[in-house]
Amino acid sequence: MDKKTWVYIIIAIIIILLLVWYFRNHMSDQKGVNVNNQTYNMLQQQISSLNQQILFLKQQISNLHVPAPTSTVNSLRQTVSDINQQVSTINNQISSLNPYLPRNQQLELASVLSIFNRNALDLNNISRSVINRDINYFNAGQHGSQVPQNSHTVQNPNVADNELNVLQQKVDNLNGVVSNIRQHLAQFGSGIPESFRDEAEKAASYLNDRIDDINKNLPNLVQRLNPNQRNNLNRILSELNNDLSSLKNSLGSAVRNRINSVNIH
């Protein structure tokens, strides 16, 4: 064979190798898409199932008579722990899968996770003083928020958004606990029964732990707020302190733990 024939043969071999490489990569990509779709659909089903568990748990706790029997409280706490374990597992799966999902699926997944988070927040607000255990939240990724946002959330471009959101979430949680306890107290009229004092004691201890956590981290955050933002934050904290003070007066001597206040800077 002459030199020209060898050139054609080499070119043909190169073309064949390129075609083989292309089809192998195409099939691999297609397989990856199928795996991602299967994982995505499985995640959707798992999250939907957890959402149903959340709603059922919320109904159970709403119907409880305080103080609930210890066996009931322990059972509910175990259910919450099981849900949190599943949330943790799914969060890890989302972290691995999310970068490979198309934008529309990322947005859809974030929406589903946000619905769960809102339901979890509602449940936490009514259940905290009963079982003293929180449902964890999903990470909704770059297209969603980890926790439901409140209309009073203070925004500051010079401070990390997650710091402010976490602080606001802590305040919202405290407001939810205070509101729940006051609703129970309203049912008792002028006197607080002995049967409720133990639960009130636990709630007061829980509130103080959360207030101490806020007080510990607040000074560093406040230093980075502008005057207007600081005023807004102080207003929110003042409202919280007023509610805490009112609850403290309502409980009176029913609890040994004195409920603390948030330090306003």
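The count begins at 1 with the first shown residue.
Including glycine, each Cβ sits where the backbone N, Cα and C put it.
Copied over from Swiss-Prot, here are the features:
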type: COILED; residues: 37-94; note: coiled coil
type: COILED; residues: 158-257; note: coiled coil
type: CARBOHYD; residues: N37; note: N-linked glycosylation site
type: CARBOHYD; residues: N125; note: N-linked glycosylation site
type: TRANSMEM; residues: 3-23; note: transmembrane segment
Cα separation, N125 (N-linked glycosylation site) to N37 (N-linked glycosylation site) (Å, whole number):
35
Let me know how many other Cβ atoms fall within 10 Å of the Cβ of N125 (N-linked glycosylation site).
19
